[in-house]
Amino acid sequence: MTDSPGEERAPQAGAAAPAAVEFAGVTLAHGRRRLVEDASFGLAQGAFVGLFGANGAGKTTLMRSVLGLERPRAGRITVFDAPARPGRAGIGILPQQRQWPAATLDLAAIALLEAAHPGQGPAIGAALDLVDGQALARRRLGALSGGERQRLLLAQALVGAPRLLLLDEPLAGLDPGAQVQIVALIDRIRRQLEATVLFSAHDLNPLLGVMDAALWIAARRVRLDAPAALLRADVLDGLYGARMQVISGEGRVVVVPAC
Amino acid sequence: MLSQMLQFGFMQDALLAALAVSVLAGVVGYLLVLRAASFAGHALSHIAFAGASAALLAGWPPLPGMIGLPVLAGAAIGAIERPAGRRGGAAADVAIGLLLAASLAVGLLCLHFATGSVSAATSLLFGNILGIDRATLWVLCAVVVAALAGLAWMHRTLLFVILQPDLAEAQGVRVRLVWAGFMMLAGVAVAASAQIVGVLLTFALMVAPPAAAQRLTRHPRTGAAVSVALALAQCWAGLVASYLTDWPVSVWIVGFGVAAFVLAWAVGARLDRR
């Protein structure tokens, strides 16, 4: 990693700008099962990076390792020039959707934000403004649509204007319209905050026009490259474990299962 | 009629005991319901039964065993219990269920060997609020105050862990430790509730009021307060109704609890439509 002060450059994967997140020879495992072997890459500051991989490939584990919640078996993980460890400031996270207990769904969404950020009223308000969620926050969590709920959970990741956003499958369970809205919203916010975004997803289509780089896990190998590199048939087959097809037309590219 | 009732010393003690227990059970129960862990709370009450029976067998008063065992078990259950919908949640539920059954069996065995066990068993299982003596009342008050102090100390972290376990973990909060600590306090709350309504009916104090409160409010602190108010109203109304009818107090407390819950759901459904 080389610093290049004074030099203006667009956020780009693998660029020589100081990296927000740096993996050097990292191996991650669950018990005896190795998920990721010898991963080395750097996420450029301000980049929107899509994270892909089949179910169980280790997307969530990789995110947890950035948070310092999973210790690498080998190698080093550096976040903003310091080793990854839990409780670092400046990182906003949106955990994978989970089943909410019925009683929690009866709470106003703001109660969840306040529980996570006690005594930070103004910062919570600013985060809600970013997602245009002031009015939604007073309503019952259970009364919100999937997209609305995801916006509020995104707001709670934004409290304190973080420089790194780790978003674990924010599109899971959303209808296509809501998916497009959430992606556009996250893209707008990362420009506003000049934050680096690591965004995991199953379907890469919603991210194709937006991401600067793609990070993917296939057969325990992690690769970081331009999104175009992901669109090769052999790469996609390895990623999904099925025959995939790239269709382009009307200025757009779409990836679908070949059958 | 009421002033006559208030002149009895045992009735004054009962009203005081109900006050102390309601405050603790209302708050702890609300937090258990919020985390969808009321089953773990239910198991703790059966463990209280085993503790109390073992104490009787040893020739002690039941209270130390009734409080001590669920507090120890609370730490263990807190360590294995998982938030709803998580990996390992179902296995933990089975383990807790087996612990519940085993505790009841151990309690039964202890009472079998202890003498004069029939009336003791009934009051352990179904409560005997009118039989609470002064010494027990003071112990109960002291235990409740200590548990409330613990809750006050940890309430911010606890709410964080209950509502946003993933974020709390990422912030470096020792989620498992906090939850185990809370479950120990839940052990105290269960033992205290069992003094009023008995181990089989602790749900009436620790689940019915919070479940009703949860439908009426959208903020956790208000919810806990409403839960306490409902638990207290239930107990005191139960004492009055029992005085008037001569039915067992626990029957009325459970009855009022169920009624309050049904009413709250009806009101809550209206609030939702607005």
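Each residue, glycine too, has its Cβ placed from N, Cα and C.
Here the structure is a predicted model, which means the values were calculated and not measured.
The annotation transmembrane segment is assigned in TrEMBL to B:92-115 (among others).
As annotated by TrEMBL, transmembrane segment applies to B:135-153 (among others). Packing against the transmembrane segment (B:135-153) from elsewhere in the chain are residues 13, 16-17, 20-21, 23-24, 27-28, 61, 63, 67, 181-182, 185, 188-189, 191-192, 195: each is 6 or more residues past its ends and has a CB under 8 Å from a CB in it.
Within the chain, the transmembrane segment (B:173-190) has long-range Cβ neighbours (under 8 A, six or more residues past its boundaries) at 24-25, 27-29, 31-32, 40-41, 44-45, 47-48, 67, 69-79, 81, 143-144, 146-147, 150-151, 154, 157-158, 160-161, 165, 199, 202, 206. Under the heading transmembrane segment, TrEMBL lists B:173-190 (among others).
Marked as transmembrane segment by TrEMBL: B:225-244 (among others). Note on the transmembrane segment (B:225-244): residues 1-2, 5, 11, 14-15, 18-19, 21-23, 25-27, 29-30, 129, 196, 204-205, 208-210, 212-214, 216-217, 250-253, 255-257, 260 of its chain, located 6 or more positions outside it, place their CB under 8 angstroms from a CB of the stretch.
Annotated transmembrane segment per TrEMBL: B:250-268 (among others), in sequence order. Within the chain, the transmembrane segment (B:250-268) has long-range Cβ neighbours (under 8 A, six or more residues past its boundaries) at 126-127, 129, 196-198, 201, 204-205, 208-209, 211-213, 215-216, 230, 233-235, 237-239, 241-242.
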